[in-house]
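Residues or ranges marked as substrate binding site in TrEMBL: A:HIS34, A:ARG70, A:TYR134. Taken from TrEMBL, the feature domain 'Transthyretin/hydroxyisourate hydrolase' applies to A:27-136.
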Amino acid sequence: MRSRCFPRWEARQRWKLCCGSSWPGVGNGTLTTHVLNTATGLPAAGLVVRLAQLQEPGPQWMERTDADGRCQPLLAPGQGKSGTYKLHFETAEYWQGLGHTSFYPFVEVVFIITDPAQKLHVPLLISPYSYTTYRGS
Amino acid sequence: FNLKNNIPYFFLMHHHLPFLQHKNPLFLLQHPFDPKYPLFVKVVDSVRGSPASNVPVKLYKESAEGSWELLRGLPELTTKEQFVAGLYKLEFDTASYWKSLGLNPFHHHADVVFTANDAGNRHYKIVVVLSPFSYSTTAVVSEPVE
């Protein structure tokens, strides 16, 4: 007997896609990320990143990593609330752009923010058949 | 088949098989190198240097409607005839594992999403290495097998 579970990353768990760019030029966001291509040892530039928060409706938002594999702070000061968040990285699209196949169609990192005032850095290290993520600072 | 040539860091994996079977409902996914079982999953605790054998694992397959369907019934995945081409998701309840050890982890869970068998039937070894504030996953994929 098969049972239905939550759909891919949007509707049933009601992930809210967060606003991140309402503070242009602000360097001190509460959530940052960095994507590194470990096969080349270089930043993964131009990779699409989306942030969503569990169980709140909201408008769509996304960022794209720059030449250094980074993007604008994903949560501006005051926006981070305690809760469960998901970072979605469009990794297959990135690898295809470089002419590589990869194992994962995308990478999602689901993490918990307990202290909204804390600066969080959630980097992602990628290679075609592996990835690593950790909580940095 | 010599595991040492494939994943040298985990050369002791085959010794831990007896410990993997008793609690994990997907234990039939844990048979390595057996042509009957095309998907092998290994979860390692990198803090203690041990198998994380009681991490709850669920396997989903994307349905035609685009939702994730939980795959129950291990016989569905014990033969290559059942492990059809498609999009799969392994979901590891890592938070429960760390909480049972008295730790508050960073990640809510760990997902591994992958497309399988879209170019012939292959064998997949998915390895997940855990710590309370990080995880890493690697896939070893064979050539299509006859």
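Cβ atoms are placed via backbone N, Cα and C, with glycine included.
Not measured: the values here are computed from a predicted model.
Counting only same-chain residues six or more apart in sequence, the Cβ atoms lying under 8 angstroms from the Cβ of A:ARG70 (substrate binding site) belong to A:THR32, A:THR33, A:HIS34, A:VAL35, A:PRO43. Under the three-state DSSP scheme, A:HIS34 (substrate binding site) falls in the strand class.
Surrounding the centroid of the Cβ atoms of A:HIS34, A:ARG70, A:TYR134, where the record places substrate, the chain contributes additional residues within 8 Å, namely A:THR32, A:THR33, A:VAL35, A:LEU36, A:GLY69, A:HIS121, A:VAL122, A:PRO123, A:LEU124, A:GLY136. Filtering of the binding-site residues A:HIS34, A:ARG70, A:TYR134 by Cβ separation from chain B (threshold: under 8 Å) yields A:TYR134, ordered along the sequence. For A:TYR134 (substrate binding site), the Cβ neighbour count at a 10 Å cut-off comes to 17, with all displayed protein chains included.
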